[in-house]
């Protein structure tokens with residue numbers, strides 16, 4: 001049986017969490033949250049976490065798991081996410097991934113090694129040495145520092161040899177070990193669906209959500225976090241909604257200005273998210289025009305998955 005993972009992506013306020021919840025409820029499964037901020041216990045209102053009722057009804061992974069002074073990144077998300085996916089397959093459940101943190105989703109689908117950048121100068125030097133001394137020279141260099149990877153390659157596969165040397169240079173780790181760490185032995189079919197709104201409608205939803213966050217007590221949430229002694233410069237607090245309120249509490253601007261900045265910065269973030277996801281041609285997009293249409297997509301996604309599985 002093919003191992004299928006449903007992935008719901010899109011910009012903030014596009015309705016990913018609602019669609020994922022409806023899907024999970026219908027398929028009797030669990031949700032893997034791909035949101036880099038919802039994992040933090042203290043960040044509630046400003047991250048628009050699912051309600052406590054929804055969290056009780058459907059198991060959500062990577063929500064409320066860490067304190068805000070703990071570190072988490074795409075690499076850890078990939079390793080833990082794949083482990084959870086494997087556990088869900090063993091329980092005959094279809095995993096659902098939902099979130100707007102593009103790096104997390106790309107790491108899960110394509111592997112963290114795709115994020116290890118190129119060192120142009122180092123690579124140029126390797127290419128120069130290849131021209132001067134040949135493939136065998138580079139291969140022996142790899143053999144000296146990373147025999148595990150060298151054992152899986154041939155000298156004539158010089159592009160792979162250069163990449164292995166580059167990865168070791170940048171990380172101090174064997175490229176083969178990195179790949180094994182994330183357990184990409186089994187084949188998983190990730191089927192991605194994106195939620196796309198008309199820009200004006202999305203911006204309206206963003207503005208409404210920000211007003212709702214303020215009414216729910218975002219200011220008090222930030223006050224409570226700071227009163228517990230957490231550093232305002234924590235990476236987790238460098239988040240739209242929190243940093244603007246922190247500035248307000250430090251009298252850098254008015255509450256009204258903070259609200260306007262949160263709306264503006266959230267709109268900018270949504271634009272960046274869509275640009276990121278739009279580059280991935282594997283995503284099947286749904287054009288959403290209303291709340292009703294958003295809820296209707298549950299059945300459409302299930303039907304599309306069945307078609308893609310059949311093909």
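Just so you know, glycine gets a Cβ as well, placed from its N, Cα and C.
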**Asked** Looking at 31-34, 35-38, 39-42, which one is region 'Interaction with substrate tRNA' according to TrEMBL?
**Response** 35-38
**Fill in**
Rounding to whole Å, the Cα atoms of residue 123 (site 'Interaction with substrate tRNA') and residue 10 (ATP binding site) are apart by 35
**Complete:** By a 10 Å Cβ neighbour count, the lowest-scoring of the recorded positions 16, 123 is 123
**Message:** Can you give me the average pLDDT across the region 'Interaction with substrate tRNA' (35-38), rounded to a whole number?
**Reply:** 97
**Message:** Just to confirm: which same-chain residues, 6+ apart in sequence, have a Cβ under 8 Å from the Cβ of residue 13 (ATP binding site)?
**Reply:** 48, 202, 205, 206, 209, 266, 270
